[in-house]
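Asker: Shown below is the structure under consideration.
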Amino acid sequence: SLSGEDFVPPPECPVFEPSWEEFQDPLGYIAKIRPIAEKSGICKIRPPADWQPPFSVELDTFRFTPRIQRLNELEAETRVKLNYLDRIAKFWEIQGSSLKIPNIERRILDLFSLSKIVTDEGGFDLVCKERRWARVAQRLGYPPGKNIGSLLRSHYERIVYPFEMFHSGASLTHYDGEEVDREYKPHSIPLRQSVQPSKMNSYGRRANRCQPDPEPTEEDIEKNPELKKLQIYGAGPKMMGLGLMARDKSIRKKEPRGALKKEEEDDDDEGGPKEGPCTKMTMRLRRNINNPQFVDSFVCRMCGRGDDDEKLLLCDGCEDNYHTFCLLPPLTEPPKGNWRCPKCVAECKRPNEAFGFEQATREYSLQSFGEMADAFKADYFNMPVHMVPTELVEREFWRLVSSIEEDVTVEYGADIHSKEFGSGFPMNTGLRLLSSEEEEYSRSGWNLNVMPVLEQSVLCHINADISGMKVPWLYVGMVFSAFCWHIEDHWSYSINYLHWGEPKTWYGVPSVAAERLEEVMKKLTPELFDSQPDLLHQLVTIMNPNILMAHGVPVVRTNQCAGEFVITFPRAYHSGFNQGYNFAEAVNFCTADWLPAGRSCIEHYRRLRRYCVFSHEELTCKMAACPERLDLNLAAATHREMFIIVQEERKLRKGLMERGITEAEREAFELLPDDERQCDMCKTTCFLSALACSNCPERVVCLYHTQDLCNCPTDKLYLRYRYTLDELLAMLHRLKVRSESFDSWANRVKEALEHEEGNKIAIADLELLKTEASEKKFPDNELLYKLNTVLKDVHGAKITLAVLKSLVETMQNLPCVLPQMEEVQALISDRDWRRDSPAPDQLQALLDRGAGLPVLVPECDLLKGQQAQGSWLSEVRRTLGAEAGDRGEVTLAMLRSLMEAGCGVSQSVSVETAMAELQELLTIAERWEEKAQICLEQRQKHPLSTLEAIVNEAQLIPVKLPNILSLQGCLSRARAWVTDLEEIQNGEHYPCLDDLEGLVAIGRDLPVCMEELRQLEVQVASAHSWKDKATKTFLKKSSQHSLLEVLCPCAKRREKVEETAPLDDPSDASDSNTLGLSAQDLRDPGAIVMAFKEGEHQEKEALLRLQRANMSKDGLDANGGPHGPPAVCACGGPPRAPQLRCQLCKDWFHGGCVPFPSVVPPSSSTHASNPLCWWDWDSRFLCPRCQRSRRPRLETILALLMALQKLPVRLPEGEALQCLTERAINWQGRAKEALETPEVQRALKKLQELKASLHCNEETTKEAEEEEEAKTEPKGNAVISLSPSLCTPGVASLLPLLPSLPGQVVSLSPATRARLEELELEGDLLEVSLDQSHNIHRVLHAHGAPPREKLHTLIQVRDTPPPPPHEPQRAESTCVIHVRS
């Protein structure tokens, strides 16, 4: 662990400074900063500078009793060490000795670490045997070269080893633990945390490391009965007999019977490590052996004899007797102090009691506590309190909590109930009149009495005042007083405000790392969690942030100054300490986003069997019962939460029905005390339902533990429920209506504000929309702001035509000229160009009359111009839909045509106005067309929402826009694409690669940026990567087979001898032909598996038929039938030398057409140095038709399958690979079973013995002798082995030796041989390399006669290439033949 001097402060947490406007909505602002702040777990908020609530605690009446905190007992690892020291001290005290912990190199010896390291190194005996004590010293941090290892061994053997040996059970051979007297108290040492601090100085003097305080004397101990009882003193560890000495050597008190004899010893070797005084642990015989009354009264508990009375010990605890030589370990001499037998010593093994803080005995006011706290800090740091740097206090705090030598005690006024003692914020309780400033702060949302019950808060729906959650707690701190690592109840938020005083230092861990923190603390201090599994819920354990960070836990820190808030987020662990005297207040709150975390917390509590503070289901249902009172966000969150709860409840109740439990009764659970509705198994507070038994009325269980209620018959069980499922569904519906009410209102407001001329709504309807928003408490939003603005404008702009006319009359009657009068008159007389045109029939009648006049009238030309103008305006009105009736389809070409025509008519105000409108419409339409064109060109794809917004806005233009229509079509295809993708991904199986590739191709052609497409491309790329890897693993270079064809059984074996088709017929290479499945069938994994199984049987049958056909070919001696010599080999030619028969299909192949196996391995092979027997030669030959792939090992294939499991895509090759693997594993199991039979094992053993007896490095003379012997005794069992020199092209010298290899090496029964041959055939069909296949081939090979003809061909082919020019000396080969008769 890290010491305080090495402490490195973690990074700072986020700090926020809201504006006054943001500060008005507390929960809204917290929701706004949540995405940033919750990544750190905690954050700090500085209110605006003017926000300074007055401190409202009654100083005269405020009294509190603080808790006592011993700093080194807070830290988890230090507490483990102290617990260990307590146990070892109790052990030696019971043995009759007191313990003095040695000092080495000026520091106390860490006995716990010493014990742990010795155990890690293998135990005391192994460390001694292998002389590892120097390594132990190094691991404990001692400098090398000072012979500290031997000192450690001495101390371990003398102090720790007997204790560890006792704990291992070695000294309890005949002891039955159940016989221990239960009333017996093994020692008088209370827990350290229950020891009251000294009345002289309650907080433990500052640990002076330079000049230690003098040790207490025997005289001091006699005067203080508590010290006399405990022998615990000073600022160091509280252990038995630390440094006890007499004040005056001449004053000796009479030792009581059984007292300890203390002797000092000094190990102060010159040049060696300095070691402090260490008390010898000695014991004294209690019995008086001279008293004849005791001689024959007792017998040894171990051996049952009463002889050797002078060696018989009497236990001071239970009065039992033991021989010194019967004990384990045996005692060499009688002990001189109090002695306890193994039965009594076993009490040391009792686990530690649960750790917790105790209350101080003194009550404080704020003033008296502050005086004490400031005096302590000033005395500890030897400087004024305000001058001590926060960094120094932080380093010193972590040093103290990690020290087992220094014991500093402080007090902390924590968890003081504000309802009883008064809050630091102003509260309008009616007990006193508040000032205007106090009244304002008492209503502020940042007042911690108000925040939990704000409208947006969930906790306002809980009626009870939950202390610390709804009602704030107060905290009065002093320097070093700490709050330990914890999360809030129900994983709620918390907020802490520091009213005044010195800073409070915080450490926080985000919720994502909560489980990691728990794992690290349990891993580093398992001893604490073994005895207290829920230790982190007790708020009594701290751990150095640097240790957590070193184990991958992200930690942040902050210094909270007076007037600042600190927020902790759901499930964020936090801890810290106070820099000095201060006063803080804290409370919990829950917002809408907390609900899912609250449900997860209940599930977590259920696993831990931890009691709940309140029922989460009850809270949710209470909110759902009155949805109209909920804030909109809260209603939506409650609806989502309620939906999950109802679905789970429906499933659980259905499980009860399936068990046959049909009886039920309604129960108002909220009226029951919590302890009467807690699940008997998990302690969860039941609300929606519980299972009860009429025979066991005192017990109930939640529906998760229905099997654990009792063993009564099912008809005795009945359901207690709060709501029926129909009632729950009705509540869910009302929540949905409430959560969607805002959307409905917003749509109606949008329609009202966007209505065009002639389709507008009345003012009363706008007023109704505003009233609805107020009644339903909709939040402030942009639409509501627009609505209020419109209504304001309406009320300010109401003016009728009569009012205007009246205004004109008034202006005309004025005695002066007003320049605005003409404008007002124009408003009255102005007429719209859309309606201001004479009727066409009137114009035509006038023109007809003018044409009938006997003179040329000039006005006729004006009338014709006005007629053309009217016709144009009529066309414009018809085009733009100004007239009644359906508007026709308007195109850009029509607008441009009207603009050109408008230039040819006589100009007027109406024409100019119409032209301006046409030009504006044309410009807008062209601009939208241009936007759509850019989007369609795909230079930069835009999100679906952006394109939808473009299309929706463009549709408001009364013009047909081709690009917009194309874009609309693209959007429709994009939505259909997303729908198709969802259908594929939500199907029964993972989607097929072909389907996804098709979707990717379609998606890439769309001018829409879709996140799903990017994810899809990644999935497709991953699938292709896997397929490429599998292809490289299986397929040979330039292979004409597909991967799927190689993985599937080759059922289409050629059976016609006369066919001379090429090796790879393209008609057989398609994937659909491989398994006889169509492309659609390949999408069904079940069809692939069935086809694969069927293909296995067909493959074997086809192969057997092919073998029979090929065996009729007699090789080189065949004269052929009426059609000439038979066709052989991949080339389809006639037989010719050299040629070999395939092991599997039995067809003949030419040496120049296909590669033959090398009879001898290369010289670099691992087998080159070992002799190779002829049955081990590489003479197996499989033709390219039978061995279609590289045949990787099974381990390689399993790695491919593991990678396949991670793909969210399904490939036919993957299904085939799984089938192939299953087939290979099944074959491997049967092969192992066959190879493990006694007969085959004997054969393998014989082959191994023959191989071991052969040696390749024999002299040439011996070779000649054996060769001669082989010639003279041909009837023996001959065995040939090749020397490494044969791994050259010159192997022709072997040819004369082949005829001398008669006989078989091993013999097999016909049944075994048939079984192995069948396995060999099936193994050769597998495109997988398995070791069992090689072993079966060896055994069968050795069972038959040596294949001389095949070896002759292989050696001949091997020797065909000319020797390399640079190695002429290796042209000849040597051969060793061993003949065993």
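Yeah, the Cβs are placed from backbone N, Cα and C, and that goes for glycine too.
Any TrEMBL annotation is an automated prediction that lacks curation.
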Asker: Among the residue ranges 332-353, 1058-1079, 1344-1365, I'd like the one that TrEMBL describes as region 'Disordered'.
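Answerer: The range carrying the region 'Disordered' annotation in TrEMBL is 1058-1079.
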Asker: Would you mind listing the long-range same-chain contacts of the domain 'JmjN' (13-54), meaning Cβ under 8 Å and 6+ residues beyond its ends?
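Answerer: Residues 424-426, 437-438, 441, 444-447, 451, 454, 456-457, 493, 506, 508-511, 513, 556-558, 560, 563-570, 572-574, 589, 591, 593 contact the domain 'JmjN' (13-54) from elsewhere in the chain.
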Asker: Would you mind splitting the domain 'PHD-type' (297-347) into helix, strand and coil residue counts from DSSP?
Answerer: 12 helix, 8 strand, 31 coil
Asker: For the domain 'ARID' (78-168), DSSP counts of helix, strand and coil?
Answerer: 61 helix, 4 strand, 26 coil
Asker: So what pLDDT does the domain 'JmjN' (13-54) average out to?
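Answerer: Averaged over the domain 'JmjN' (13-54), per-residue pLDDT gives 93.
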Asker: Using DSSP, break the domain 'JmjN' (13-54) down into helix, strand and coil residues and give each count.
Answerer: 16 helix, 6 strand, 20 coil
